[in-house]
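The structure appears below as structure tokens.
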Amino acid sequence: MEGALTARDRVGIQDFVLLDAYTSESAFLGNLRKRFSENLIYTYIGTLLVSINPYRELGIYSTKQMDIYMGVNFYELPPHLFALADNAYRTMLAETNNHFILISGESGAGKTEASKKILQFYAASCPRTQLLDNVRDRLLLSNPVLEVRAALSSLPVPVHLCSLTCLSPYTCAPAFGNAKTLKNDNSSRFGKYMDIQFDYQGDCAKVSSINDKNDWKTVQKALSVIDFSKTEIEHLFAIIASVLHLGNVRFEANAHGYATLNSSSEVHWLSQMLGIHSQVLQEGLTHRKIEAREEQVLSPFTTDHAVYARDALAKAMYGRTFTWLVNKINESLANKDHSRMTVIGLLDIYGFEVFHVNSFEQFCINYCNEKLQQLFIQLTLKSEQEEYETEGIEWETVPFFNNKIICDLVEEKHRGIISVLDEECLRPGDATDLTFLQRLEEKVGGHPHFITHKLADQKTRKTLERGDFRLLHYAGEVTYCVVGFLDKNNDLLHRNIKEVMRKSKNDIVKHCFPSTEPDTKKRPETVATQFKNSLAGLTDILMAKEPWYVRCLKPNDSKQPGRFDDVLVRHQVKYLGLMEHLRVRRAGFAYRRRFEVFLQRYKALCPDTWPNWKGPPAEGVERLVKHLGYTPDEYKIGRTKIFIRHPKTLFATEDAFEVCKHKLATRIQAKYKGYRGKGAYQRQRDAAMKIETCWRGLMARKERERRAWAVKVIKRFIKGFMTRNQPAGVDNSEYLAFVRQNYLLRLRDNLPKSILERNAWLTPPPIMQEASSMLRRLYTRHMVRHYVRGITAQRKAQLLLKGVASALFKGKKESYPQSVPRPFADTRIGEQDINMKVLQLIRHERIQYSVRVVKYDRKGFRPRPRLLLLTQAALYVVEEAKVKQRVEYRALRGVSVSNLSDNFMILHVMCDDNKQKGDVVLQCDHLFEALTKLCVLANKHTCIRVVQGSVRFDIQPGRQGFVDFCSGQESIVYKAKNGHLMVESTQAKSR
């Protein structure tokens, strides 16, 4: 840092502690922005490193860069991740104690990449032995196993290496641990803590270089290198496939209302992969074992209970297998040398999260960040205080916000939020998410950091739904929706399904469901309690070590290089506690350096210390600062360091040093000139004249040769042009080579930019026609492959849906062409806009799509505003808090639409008796989107019928109604004199 103090106006200040306006958030952001614009992504706050994701390769992690930062004073070079890693390592060696590096930030800020770069640095700085190379390879190849993308929504639980509690495991990839989220393509959905052990010669006992390959072969290779047997690999993949198949198991109610299986093929595959008889599996998924006195009876499930049991089993299989996998990797990496070691812990943890809708997962993640912030402030204050006490400097108490009050609100026994949630999960009776919210209001209703709709004032109520509660975290307010809290917190498996799993022939399954496990008479810990205990264990580990921090920021949400979003960065600066940390570091002195370092840099500013100071460094520093005119309130002399209170004092010293450097350089230069005599000058002049004469002669000869060569080339070129259409020979070979090269160079600079530019290919000369044709075919195929590879999963899904819509409506419905360029939305109504009672009623059926519609009464054709909800199993027509009609997809006979430009659809429903409601007449502004989604979810791609003129529908069994369609001057809907519903629409404009 000392080497770049003078560049502060252009590239910003490298250490925020030296920021003059250190209490100003705007000044903090301005410094970050200035450095980011110069591609300087690292800035210090003392020893804390702030990192901004550049979203581009900067070339700052090479082996050469590693060498530069090895063994160098922390502030001697510009801020860098390698500087922090190296100083943590060297401090550990010097003090023979344990350290940890905590890397935090929100999704997409670059936390996981930072942890890999640190591991890469330690790998490069350690000696090479066969044993260490073996450990390197294993830790290296554990990344693809644990970090392969998995499209799952999960709750992270940090344990030794890493751990995961999965909440929705049905769409997982062939390995565990990372999720594709809306914010990041490869987001770590678990906290990863690694102990990197070092002995006292300085050799590394556990290191890694980075590797994040996601392909199948790499995962297979990784598993074999980490001591997984062929059988274990097969059993592991079988479990993953079983979880996927388990998610496809469906239930339906029999005549008595009990659940029966209608997924025989899925049960067959489950039976094959788990090695459990299909009949035993079916019984376990549809019945619960109850002890009645001294006998056991099987009680059948309802469909809701069966779905819950299926989900609980899937979560247990996935979660327990992940724990087994982590333990297996830890065993493979275990250090066999039990002599005393020092450790650098590396913690890559998820950041504070605030979304539009925040659920149980965000509650746990933010609670974790609350605990880490508490630890962060405690350790920072402790570190500052200890340094001042060691140096004999008086410590001034620093006021700061103690977020223990928020941690207690969440975790306090018997009255904290987690305790209330657990009580509600365990309480007999009809407990729901809403009763949990009511209990919260009773228990913690008066807490200053907790508010609900019921407890809020009139103004605040407008920002809260009835099913929400809001916590005032250290990083700001977060509103949580309680929907799903109870289901996600419960992690219960019925005893008989465990017994079923113990009959498996899959060794991993048998290991994960041991017979030694206690009976379920004692209810197991909930997910939140497991998370709280795991977090407490992690806190104990960290409290026993010396801290180093990396705070990762993302500059924008669109992953664009060079773009700095002030609002987004300001929000992250706040919830990462950076201003708080800066305030603690600046409570006393902005700058502190060891005497030797300070004296070595600034000794030229004082005649008494220049060129060398012979006495003790402390006395030399005293002599130097008195010569510079430091006042007593500007500095303090400690036992080994000088402390400077204000940045302006340091900057004035640095500016004086720059002036001094130039004066010294001028004096040295003048002294050197004085040594040169007249004779030497004359000899230099004569030598220079001789060299110039020789050079001129050489240049003249070269010019003559160049001209002769140019004449020959021109003659050959003219002769080649004249014989260009003859077969290749001596006269025209060079010219034809020039023609080919020239065409290829022009083609390189004028290639079509997209596959749609069919006529943009350059016209080739006769000799290049065949080659040009071949190149054009190859380039077109390449562009097509490049286009296909560049399609995101979301875009691909969109195109597939558009393809379905085309097959259904192209050339059949008049208004279809206008809908083609409009992208389909995932849904038109967020869950927060759907009534809580409705969500509770259909909570076991995941809502896949929702849209506002107008429903026309079957008899009088009166229009009624409604919501149309599509789940995995059925469609719902909803009026505010009431479900008006539920239609299972198997009961949907078909859908009729007209061939004109109206937006009406008639859903034809099976009606077996007079009590059932008949067909449904709906008007929808997003007709093509809604019908396409319906066809895909119902798996009925032939159910759409495009008709002309009139549609007959069933009002109820035995009674029919009619909807007539025609073109008119304006769009209008009314009841005609013949009793039919008349729908007139204007003619769609042709495209």
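Glycine residues also receive a Cβ, built from the backbone N, Cα and C atoms like all the rest.
Your range for region 'Actin-binding', going by TrEMBL and the list 75-97, 535-557, 788-810, 834-856, is 535-557. Counting Cβ atoms from all protein chains shown, G108 (ATP binding site) has 21 others lying within 10 Å of its own Cβ. The Cβ neighbour count for G105 (ATP binding site), using a 10 Å radius over every protein chain in view, is 26.
Non-local contacts of G110 (ATP binding site) by the CB criterion (under 8 A, 6+ apart in sequence, same chain) comprise S51, N53, C552, K554. Counting every protein chain shown, the Cβ of K111 (ATP binding site) has 26 other Cβ atoms within 10 Å.
Neighbours of A109 (ATP binding site), defined as other CB atoms within 10 A of its CB across all chains, total 24.
Packing around E106 (ATP binding site) is summarised by its Cβ count: 24 other Cβ atoms lie within 10 angstroms of its Cβ, all protein chains included. T112 (ATP binding site) has a Cβ environment of 22 other Cβ atoms inside 10 Å.
In this view, S107 (ATP binding site) is surrounded by 20 other Cβ atoms within 10 Å of its Cβ, with every protein chain counted.
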